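Q: The following feature annotations were taken from TrEMBL:
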- 13: active site (ACT_SITE)
- 68-145: domain 'GHMP kinase N-terminal' (DOMAIN)
- 96, 97, 98, 99, 100, 101, 102, 103, 104, 105, 106: ATP binding site (BINDING)
- 138: active site (ACT_SITE)
- 208-256: domain 'GHMP kinase C-terminal' (DOMAIN)
Ligand SMILES: C[C@@](CO)(OP(=O)(O)O)[C@H](O)COP(=O)(O)OP(=O)(O)OC[C@H]1O[C@@H](n2ccc(N)nc2=O)[C@H](O)[C@@H]1O
Ligand SMILES: Nc1ncnc2c1ncn2[C@@H]1O[C@H](COP(=O)(O)OP(=O)(O)O)[C@@H](O)[C@H]1O
């Protein structure tokens, strides 16, 4: 008998703002950022196996099997829970890698939540988020599944309710190295912390933008073109650039003009991730 399959979404995120407050002793930077999800992402399919083997069947051109965050997440959860079951995994990957929309972190979180469900581990969200943090700074927000104001390196999360516009996301065909941006001497790393809650409107700056725009002409070009229609912003350390619109029709109209020369997609912003909406529907 073939094992039942479960398919779950793995959404993208945007950083609606990103301030860099300083550098910690371990070299990591203290941030303040707002994460919001997109109703757009990968789909991961899981089927339980009873021999304990963890296998991702979809090949990634640049990521070896055991380095894939999906496999790393599954192995850590198996080890730490002592579970004797294994898993077969397939992914339909549509999110660009290294684009600042968090595909790898989201895949890790979807794996943690999917396996917690299928292996019937009963772990709570705190425990899954703590394990997720050991895989990457952005994993916890995907585990929690609610738009959030994040502090520290992104692990201290306060739920927030930003507007949920339609976004046009442009995907410059260049991968930006997060490490390279954080080590640039010209990076602003002394923005004063925002102490007021909720975060006052107008704090939409991304401190990485000037450095990324200077180093990557493709990103600069996308910012300039989108900036003719709406406020054009950078997500994370790039390379993706996005702007909000009040309706899908307006986002589609600008998309039709810009995607003649650039790659991009239109998606709705959402404060509850589509992964969590799907998991809720399973209960
Ligand atoms: C800054 C964000 C905002 O979402 O950028 P994006 O990755 O989404 O673009 C993330 O928190 C990125 O977190 P994460 O994805 O874990 O970063 P990594 O790729 O592991 O970081 C690579 C390197 O960047 C530097 N780094 C990263 C995060 C941070 N808060 N301070 C840092 O100084 C460190 O040198 C680290 O070794
Ligand atoms: N399942 C995965 N999906 C995407 N990237 C992955 C995955 N597993 C490992 N990676 C590695 O993580 C890097 C960052 O990926 P990603 O999270 O998509 O970018 P970003 O953090 O810029 O949004 C990739 O360049 C890739 O080398």
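Every residue number used here counts from 1 along the chain in the order it is shown.
Any Cβ shown, glycine's included, is placed from N, Cα and C.
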Q: Suppose we draw a 10 Å sphere around the Cβ of residue 138 (active site). How many other Cβ atoms does it contain, all chains included?
A: 26
Q: If one looks at the chain holding residue 102 (ATP binding site), which residues at least 6 apart in sequence have a CB under 8 angstroms from its CB?
A: 12, 13, 138, 142, 236
Q: Take the Cβ of residue 104 (ATP binding site) and count every other Cβ within 10 Å, whichever protein chain it belongs to.
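A: Cβ-Cβ neighbours of residue 104 (ATP binding site) within 10 Å number 22.
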Q: Report the same-chain neighbours of residue 98 (ATP binding site): residues 6+ apart in sequence with Cβ closer than 8 Å to its Cβ, ordered by sequence.
A: 175, 176, 177, 239
Q: Looking only at 96, 100, which of these binding-site residues has the biggest number of Cβ atoms within 10 Å around its Cβ?
A: 100
Q: Out of 13, 96, 98, 100, 104, 106, which recorded positions have CB atoms lying under 6 Å from ligand 1?
A: 100
Q: Whose Cβ, among the recorded positions 13, 106, has more other Cβ atoms within 10 Å than any of the rest?
A: 106
Q: From the DSSP assignment alone, can you count helix, strand and coil residues within the domain 'GHMP kinase C-terminal' (208-256)?
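A: The breakdown for the domain 'GHMP kinase C-terminal' (208-256) reads 26 helix, 7 strand, 16 coil.
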Q: Excluding 96, 97, 98, 99, 100, 101, 102, 103, 104, 105, 106, which residues of the same chain place their Cβ within 8 Å of the centroid of the Cβ atoms of the recorded ATP site?
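A: Result: 12, 95, 236.
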Q: According to DSSP, which of helix, strand or coil covers residue 106 (ATP binding site)?
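A: Note: residue 106 (ATP binding site) is helical by DSSP.
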Q: Report the mean pLDDT of the predicted model across the domain 'GHMP kinase N-terminal' (68-145), rounded to a whole number.
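A: Overall, the domain 'GHMP kinase N-terminal' (68-145) comes to a mean pLDDT of 97.
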Q: Would you mind sorting out which recorded positions among 13, 102, 106 put a C-beta under 6 angstroms from ligand 2?
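A: Only 102 meet the Cβ criterion.
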Q: What kind of secondary structure is residue 100 (ATP binding site) part of, going by DSSP in three states?
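A: For residue 100 (ATP binding site) - judged by DSSP and reduced to three states - the answer is coil.
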